[in-house]
Each structure stands twice: as C-alpha cells, then as structure tokens.
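Everything on this sheet refers to the single structure shown next.
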Amino acid sequence: MRFVFLGPPGAGKGTLAGEISGRCGVVHISTGGILRAAIQKQTALGKKVQKVVEVGGLVDDQTVTELVRERVSHEDVVSGFILDGFPRTVTQARCLEDIVPIDYAVSIVVPDDVLVARLTGRRVCSACGSSYHVLFAQPKREGVCDRCRGVLVVREDDKMSAILQRLTAYRAQAEPIVHFYSERGKLVSLNGAPPISDVVLEFQERFAQSR
C-alpha cells in the first residue's frame, strides 16, 4: 500500500514511518533523505539542491517533485511506501496523484502541549542528523550521537518561540492538503499522542483489512 503521512512538527511522522517500515516491509521515503541522497550522489538535481541549501533557501516544488518522482520509480517500492515530508502543498499533492496515486493520507493528530514537550526536548546530531530526546530517546552517552559520535545540539527551530511559529505556519499550510485528501476519501486520522508502540498497533489494526 502507498501512504502519505501528514502531521505537525513533533507529531512523530518519521518515527512512526520507521517503525512501520521495519515491521511491515514498507519503504520509508523521507523528503530530507531524498535531498541528502541527491546531494551526496551529486546528480544534476542534487547539485541544484546543494546550491539552494548552501544559501539557506527553500527547494522549489518542481525540484522536490522530480526527486520524489525518481525515488518512487525504484523497484523497492513495488510493495508500497510511506512518504514523510511530501506533499507540503496542494500542487505537490496533485502532482503526486499523477505520478503514483496513494491509497491513504494518514493525518497524525497530537495536542499542542504534547507537541511542545516533544520538540523542546529534541536533540539532533550536528553531523549525521540522527534525532534523540531528553526524555524518550536518550543517547547512550549524554550529548553524543550513538551512530557517529557527533555532538548533539538543539536546533534553532526547536526553541519555544520558533516552535509556536512553526505550528501556526503548519496549520495554514496543512489545511488545504487535508481538505484535498478528504475530498477524495483518502484521509484517515490517527491519534499520535500515545507511546509509539500504541500508535503502531493502532495503525496496524486500522489497515490490516485493507491489505
């Protein structure tokens, strides 16, 4: 099956997608991962993305869509995939439907107080980007990444003022996309507030009969 995961910052889209991918054999495709891979491989699109990223710009819709188009053409997604971080606009959602129609858009719903608690406690590896949390996913050694031994830092956009701005911006951005999938009967809401193991269980129960 083909899924799109929607949800505000801190909803746990990437964490849930990773868990589902490991348990169900569905490929997890993240926009960030696609961009990093393109830059690392120095493809034509990768070089274009690198120039934008180096000056702190935002990669345009067309470029991101082309990268997604290329990724979902690989053989490993034949049995299904979970898209995390795409689409971010209705234009991208329409393009995705033309490329490969999805089965469900899963909207992960989490109360604001829970989102804030999650985001303010997040720590990210400055070298490889791995994510940790001071309460829920602590590294083996405080302040040091388990994977690459890089230094863990608080991202600027994980500070309180930035978090509140991000949540406001997300709502404005997400409403049209949620409406887009709702109109097509593809929208499913999932409670993302409980522990991840419970959210995974609910996901599996919800979609077991759809396979």
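Our numbering is plain: 1 for the first residue shown, then up by one each step along the chain.
From the backbone N, Cα and C atoms, a Cβ is placed for every residue, glycine too.
The annotation ATP binding site is assigned in Swiss-Prot to GLY10, ALA11, GLY12, LYS13, GLY14, THR15, ARG122, SER131, TYR132, PRO194 on the grounds of sequence analysis. According to Swiss-Prot, the region 'NMP' annotation covers 30-59. Annotation comment: Swiss-Prot describes THR31, ARG36, GLY57, LEU58, VAL59, GLY85, PHE86, PRO87, ARG88, GLN92, ARG155, ARG166 as AMP binding site. Here Swiss-Prot flags 121-158 as region 'LID'. Swiss-Prot lists CYS125, CYS128, CYS145, CYS148 with the feature Zn(2+) binding site.
Geometry remark: GLY14 (ATP binding site) versus ARG155 (AMP binding site), CA distance 17 Å. There are 10 other Cβ atoms within 10 Å of the Cβ belonging to GLY57 (AMP binding site). In the shown protein chains, 19 other C-beta atoms lie within 10 A of the C-beta of THR31 (AMP binding site). Comparing CA positions across the binding-site residues GLY10, PHE86, ARG88, the one lying closest to CYS125 (Zn(2+) binding site) turns out to be GLY10. The DSSP breakdown of the region 'LID' (121-158), given as helix, strand and coil counts, is 3 helix, 13 strand, 22 coil.
Listed binding-site residues near TYR132 (ATP binding site): CYS145 (candidates GLY57, CYS145, ARG155; Cα-Cα distance within 10 Å). Take the mean position of the Cβ atoms of CYS125, CYS128, CYS145, CYS148, the recorded Zn(2+) site; other residues of that chain with a Cβ within 8 Å of it are SER126, ALA127, GLY129, SER130, ASP146, ARG147, ARG149, GLY150.
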